[in-house]
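Notes follow once the structure below has been shown.
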Amino acid sequence: MPWTRRNHSHAKPAGAAPHRAAGPAAPNLPPKPAKIEDPGTPEQKALVAQVIKAKDFYDVLGIAKEATDDDIKKAYRKLALKLHPDKNRALRADEAFKVVSRAFTCLSDADKRAYYDRTGYESTAAAQAAAAAQRGAGAGPGPGATYYATVDDFDPEEIFNMFFGGAFGGPHTFRAQFGGIPRQRRHHGHGHGHGHNSGHHAAHGGGGGANAAADQQNQRAAILGLLQLAPIALILLFTFFSTSQSPPYSLVQESGYKVELLTARLSVPFYVKSVAELERAYPVGSSARHRLERQVEGAYYERLEARCQQERLMRHRAWSWGNREQARAMKLEACEEIDRVNEKLRGKR
């Protein structure tokens, strides 16, 4: 019997799926990060992008190279108010705000501006930093695109407060406590992108809303400037009325005002001619005495604000002229006293 080959293969059932070799298991890929939504309005985002993409400081501020000091200040005022992180909710508003502040710091200083016009950099340190960055990264951008390359050695908030007197907070917070002009208190955290106020929509409405908001902001800045002159106005008023009627108190110990008293609320010192004479006109506990002491505290607060602004200005000038260590060592005593007064007022509320 001839040998025959047996077929041991088994027939597949009809309709069975063909067998496939098992391949490697699909890797567990991490989920895609959620896209971060930019909360800024279209106008805010467009302005931020325009500033960040600017080719130089003049382009940042939107001014010509022949711009005057007034042109530079006006451009800074307009942009800083729109880009301040407490006003602009776009994601990179803080970055754009810093660029605008740096542009103003450079172009508002005659020596820095001349150096920038010659080299494309705001200082020797900036040029060296840019050169080091280009060496590390190979062929890098030219001077016009690296105007921002420098150490972060300035405080945009300090410049803003020096320029506007704390438009979004700061030492003016509690002026209403003395019977002055009330101002809305706004908190902004020490970080970037926090503390945005809810009123940004008003500044970026349709049509002419942005222009109207800019006009209101300019008017507010003008009012702030006038308020900073209040201490001088008070002194002039005291001098004028002293010819006919002596004021009931003085903030400094001088001829005729030797007796020191303290206000009941904040313990602010003031000087009178005679306690008996004062209490006849302003009895302790009376509404007249209450108003007088509020007036004393208000005048004291105004003086502190004027001194604080002067201290900030002196420190900014030292910083701008390259005296960094001197600027850092300067004490803002009046500004610190304002903070202490504000803390007392918080405790009284």
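From the backbone N, Cα and C atoms, a Cβ is placed for every residue, glycine too.
Nobody curates TrEMBL annotations by hand; they come from automatic prediction.
What you see is a predicted model, and the numbers here were worked out from it, not measured in a lab.
According to TrEMBL, the features are:
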COMPBIAS  1-11  compositional bias 'Basic residues'
REGION    1-42  region 'Disordered'
COMPBIAS  12-26  compositional bias 'Low complexity'
DOMAIN    56-120  domain 'J'
REGION    182-214  region 'Disordered'
COMPBIAS  183-203  compositional bias 'Basic residues'
TRANSMEM  221-241  transmembrane segment
| query | Can you count helix, strand and coil residues in the domain 'J' (56-120) using DSSP? | reply | 45 helix, 0 strand, 20 coil
| said: Mean pLDDT across the domain 'J' (56-120), rounded to an integer, is what? | reply: 90
